[in-house]
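**Q** Just lifted these from TrEMBL, have a look:
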{"type": "SIGNAL", "residues": "1-28", "note": "signal peptide"}
{"type": "DOMAIN", "residues": "52-107", "note": "domain 'Partial AB-hydrolase lipase'"}
{"type": "ACT_SITE", "residues": "SER182", "note": "active site, nucleophile"}
{"type": "ACT_SITE", "residues": "ASP351", "note": "active site, charge relay system"}
{"type": "ACT_SITE", "residues": "HIS380", "note": "active site, charge relay system"}
Amino acid sequence: MAMAGHAPGGALPLILLVVSCCGRIVSGASPAAAALRRVGSGSGGLCDQLLLPLGYPCTEHNVETKDGFLLSLQHIPHGKNKAADSTGPPVFLQHGLFQGGDTWFINSAEQSLGYILADNGFDVWIGNVRGTRWSKGHSTFSVHDKLFWDWSWQELAEYDLLAMLGYVYTVTQSKILYVGHSQGTIMGLAALTMPEIVKMISSAALLCPISYLDHVSASFVLRAVAMHLDQMLVTMGIHQLNFRSDMGVQIVDSLCDGEHVDCNNLLSAITGENCCFNTSRIDYYLEYEPHPSSTKNLHHLFQMIRKGTFAKYDYGLLGNLRRYGHLRPPAFDLSSIPESLPIWMGYGGLDALADVTDVQRTIRELGSTPELLYIGDYGHIDFVMSVKAKDDVYVDLIRFLRENGWHNSY
């Protein structure tokens, strides 16, 4: 594992920097940090909090991964006004980084993809990866244990997706339509190189597809990479990255220094501009998001930004040799995804995370030619939270899903 001591100037100055920055803002946090301190007070699961009150059928399910994590899934078999016996094919929605399954439902029922798919007759399943608000269990560890957080998106693809998709596949006895956003597309693309997963998928729709990250332009992210924030946190023994915690709030304020990063609009600093995000609902969104993730996950993503690779986690030369049998971590081979698998991609010209250049590189490396929806004035969050996404994005997305998974038997 790369450590902060490898960074210019060594680890100690970097640690002192973050501690001194943090120390200055404890008593007078920025508006962004103050907002992060507000935690939703709702009880019960995602179904109880969001779907059942609106009259949608919803049940909670639990699966265990091969490495012992207990994950929650939600099942919405049909829309509010649909007959229960008219259920269509299963569609699985996978959220992005620092998000949970709630992300598909926190706009209105007329604007949120989860509700829209259910109302269009799909059999909707919602994934929640380890460490999120809805998936905090493990057969052995608690969330306070270091080993609970010893994972990156690699494990989310190889273990979490395998367990969740396997459960849906077994229950429905049907191939699955996969829809992912942001980290959900990193996970999806990596997982689709695995024969045991791709056999369960009938088609894949990727919103803001990410496999390469070396053209990221988000100021907040670039500042964190330049400060070697990931390596600092690893060195400091901070394994959980929770922006609602005191440490998480302090990290945000240390990066939002006004000179390098203006966090008056924190979302834009992290994702780039978003054309159609409903800022009046931010307080409501903050009742659910951001969810925790692991420091190791951040470290893996920053490795990708620094090296321009789409590869497994880099443990250093000796660690890689022990784990992979090679000095360098193996790359995920996008050309190994079957050409016969239909793929749809939606991406935007303002996206500072899924940069157009990186998306085009992903497209070139695929063995097949995906269907593409490019929207020049859309940013990273617009594809899941734009007030216009139903017309701009979801009409075409649903057309693709119907053409590539809605069989005569439904």
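Glycine is no exception: its Cβ is also placed from the backbone N, Cα and C atoms.
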**Q** Can you give me the average pLDDT across the domain 'Partial AB-hydrolase lipase' (52-107), rounded to a whole number?
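**A** It averages 92.
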**Q** What are the non-local neighbours of HIS380 (active site, charge relay system), defined as same-chain residues 6+ apart in sequence with CB under 8 A from its CB?
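**A** Set apart from HIS380 (active site, charge relay system) by at least 6 residues yet with Cβ under 8 Å, we have SER182, CYS208, THR271, GLY272, ASN274, GLY348, ASP351, ALA352, LEU353, ALA354.
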**Q** Have a look around SER182 (active site, nucleophile) and count the other CB atoms within 10 A of its CB, chains all included.
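**A** 27, counting other Cβ atoms within 10 Å of SER182 (active site, nucleophile).
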**Q** Including all protein chains displayed, how many Cβ atoms other than that of ASP351 (active site, charge relay system) lie within 10 Å of its Cβ?
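**A** 28, counting other Cβ atoms within 10 Å of ASP351 (active site, charge relay system).
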